[in-house]
Amino acid sequence: MKKQNINRVVLIGTGAVGCSYAYSFINQGVAEELVLIDVNELRAEGEAMDLNHGIPFAPTPVKVWSGQYADCQKADLVVITAGLPQKPGETRLDLVAKNTAIFKTIVKNVMDSGFNGIFLIATNPVDILTYVTWKESRLPKERVIGSGTTLDTARFRYMLGEYFNVDTRNVHAAIIGEHGDTELPVWSRTTVGLEEVETLIAKNNKYSQKDLDDIFVNVRDAAYHIIERKGATYYGIGMSLVRITKAILGNENSILPVSVHLDGQYGHKDVYIGVPAVINVEGIREVLEIPLNQEEQKQFDHSVKVLKETMSTVI
Ligand SMILES: NC(=O)C1=CN([C@@H]2O[C@H](COP(=O)(O)OP(=O)(O)OC[C@H]3O[C@@H](n4cnc5c(N)ncnc54)[C@H](O)[C@@H]3O)[C@@H](O)[C@H]2O)C=CC1
Ligand SMILES: CC(=O)C(=O)O
C-alpha cells in the first residue's frame with residue numbers, strides 16, 4: 001500500500017518537454033515520487049538514471065524511476081507530454097490526427113491500471129488532446145486539465161515586464177483561447193502593478209498601443225520563432241507544467257489560464273479551451289468567467305470555432 005502523504009506523479013513522454021518538466025520538478029522539490037514512461041523504454045531508463053544522479057542536490061528527497069503503466073494505479077497525477085512535436089512551418093493543429101491516435105492508446109493503458117487521479121496534458125494540439133483524454137478516460141471534467149495558455153501567458157507577462165521595465169510578477173495579464181494561432185490577449189483586464197495598460201500609455205508617450213500589439217504578435221508566434229532557431233520549445237512549458245502541478249498537489253486554489261471544459265461559460269459548451277480557472281487538489285475547482293469586451297468575445301468565439309472544426313476531424 002502507498003503510504004499516506006506521498007505524492008506520486010507519472011510522466012508519460014520523456015522527450016524534450018517531458019525531461020524539462022522532470023528536471024524542474026526535481027529542482028523545485030514538487031513531490032516524493034516521479035515515474036517516467038516512454039514508448040522508447042531505454043530513453044526513459046537513461047533519463048531516470050541521469051536525473052537520479054542530481055538528487056543529492058535537490059531541495060527535498062525524491063524517488064525517480066522508469067516504470068510501467070501499472071505504476072499509474074497509485075498516481076495522484078499523470079502528466080502526458082508524449083507525441084509528435086511541430087516541425088518548422090507546421091501548426092499545432094497539423095499534429096491532431098497522429099497525436100490523437102497516440103493518445104487513445106496511452107489513455108487506455110493509464111485507465112486499465114485503475115488510475116483515479118488527475119490528468120495534466122501538454123501534447124499539441126493541447127486543447128483537443130485534453131478533450132480526447134477526457135472522453136477516453138471518462139473521468140470527471142474537473143480532473144482532466146490541459147496546460148492551455150499558461151505558457152503563452154507566461155511569455156506575455158515576461159514581455160510586458162521587459163517593456164514596462166518592472167518585475168514580471170507585477171504584470172497581471174492573460175492570454176486566453178486556443179493554445180495556438182487563434183489565441184487572444186485580454187487587454188481590457190491587463191494591469192501593471194495596479195494600473196491599467198491603457199492609462200500607462202495615455203500617461204507616458206514612450207509607450208504605445210502599436211508596441212503592445214507587436215508584443216502580442218511575438219507572444220502568439222513565439223513557438224515558431226524558437227522552433228526556427230533551435231528546433232523545439234521545452235524549458236518554458238516544463239516550468240509551466242510544474243507550476244500547474246504545484247497548484248494541484250499543494251491544494252493552492254491558484255488561478256492559472258489552463259485548458260478546461262466549458263459548460264456554458266463565455267457562451268460555449270463542449271469544448272476544452274484556455275481560460276482562467278481556480279486549481280486545487282480536486283483539479284479544477286471553478287472556471288472563472290472574466291468579462292470580455294465585444295472584440296475579445298468575437299476573437300474568443302472564433303478560437304472556439306476553429307478548435308471545434310479541427311476536433312470534428314478526429315472525434
Ligand atoms: N502545451 C504546450 O504549451 C507545449 C506543447 N508542446 C508539445 O509537447 C509534445 C512533446 O514535444 P517534445 O517533447 O519536444 O517531443 P519529443 O519528440 O522530444 O518527445 C516526445 C516523446 O514522446 C514519446 N512517445 C511517442 N509516442 C509515445 C507513446 N505512444 N507512448 C509513450 N511515449 C511516446 C517519444 O518516444 C518521445 O520521447 C509535442 O506535441 C509538442 O508540440 C511543446 C511545447 C509547448
Ligand atoms: C510548441 C508550443 O506549443 C509552444 O512552445 O507554445
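Glycine residues also receive a Cβ, built from the backbone N, Cα and C atoms like all the rest.
A TrEMBL annotation is a machine prediction, not a hand-curated record.
Record features (TrEMBL):
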DOMAIN    8-146  domain 'Lactate/malate dehydrogenase N-terminal'
BINDING   13-18, ASP38, ARG43, TYR69, 83-84, ASN99, THR105, 122-124, SER147  NAD(+) binding site
BINDING   GLN86, ARG92, ASN124, PRO125, VAL126, ASP127, ASP152, THR153, ALA154, ARG155, THR233  substrate binding site
DOMAIN    149-313  domain 'Lactate/malate dehydrogenase C-terminal'
BINDING   ARG157, HIS172  beta-D-fructose 1,6-bisphosphate binding site
ACT_SITE  HIS179  active site, proton acceptor
MOD_RES   TYR224  phosphotyrosine
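Distribution of TrEMBL features across the structure.
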{"residue": "ASP38", "record": "NAD(+) binding site", "DSSP class": "coil"}
{"residue": "GLY83", "record": "NAD(+) binding site", "DSSP class": "coil"}
{"residue": "THR105", "record": "NAD(+) binding site", "DSSP class": "helix"}
{"residue": "ASN124", "record": "NAD(+) binding site", "DSSP class": "coil"}
{"residue": "ALA154", "record": "substrate binding site", "DSSP class": "helix"}
{"residue": "HIS172", "record": "beta-D-fructose 1,6-bisphosphate binding site", "DSSP class": "strand"}
{"residue": "TYR224", "record": "phosphotyrosine", "DSSP class": "helix"}
{"residue": "THR233", "record": "substrate binding site", "DSSP class": "coil"}
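Sorting the binding-site residues ASP38, ASP152 by the number of other Cβ atoms within 10 Å puts ASP152 first. According to DSSP, ALA16 (NAD(+) binding site) sits within a helical segment. Proximity to ligand 2 (Cβ under 6 Å from any of its atoms) holds for these recorded positions out of GLY13, ALA16, ASN124, TYR224: ASN124. Residues GLN86, ARG92, ASN124, PRO125, VAL126, ASP127, ASP152, THR153, ALA154, ARG155, THR233 are listed as the substrate binders, and the farthest two of them sit 20 Å apart at their Cα atoms. Among the binding-site residues GLY83, VAL126, HIS172, the residues whose Cβ lies under 6 Å from any atom of ligand 1 are, in sequence order, GLY83, VAL126. Counting other CB atoms no more than 10 Å from each candidate's CB, the binding-site residues GLN86, THR105, ASN124, THR233 peak at ASN124. Here the C-alpha separation of ALA16 (NAD(+) binding site) and GLN86 (substrate binding site) works out to 12 Å.
The recorded positions close to THR233 (substrate binding site), defined as a CA atom within 10 A of its CA, are TYR224 out of GLY83, ASN124, HIS179, TYR224. On the backbone, the CA of VAL126 (substrate binding site) and the CA of THR105 (NAD(+) binding site) stand 17 Å apart.
Note: the domain 'Lactate/malate dehydrogenase N-terminal' (8-146) comprises 68 helix, 25 strand, 46 coil (DSSP; helix = H, G, I, strand = E, B).
Long-range Cβ neighbours of GLY13 (NAD(+) binding site) (same chain, at least 6 residues apart, Cβ-Cβ under 8 Å): ILE37, ASP38, ILE80, THR81, ALA82, GLY83, THR123.
Here the candidates are the recorded positions THR105, ARG157, HIS172, HIS179, TYR224, and by Cα distance the one nearest GLN86 (substrate binding site) turns out to be TYR224.
Cβ neighbours of HIS172 (beta-D-fructose 1,6-bisphosphate binding site) (same chain, under 8 Å, six or more residues apart in sequence): ARG189, THR190, THR191, VAL192. In the predicted model, residues of the domain 'Lactate/malate dehydrogenase C-terminal' (149-313) average a pLDDT of 97. Ranked by how many other Cβ atoms sit within 10 Å of their Cβ, the recorded positions ARG157, HIS179 place ARG157 at the bottom.
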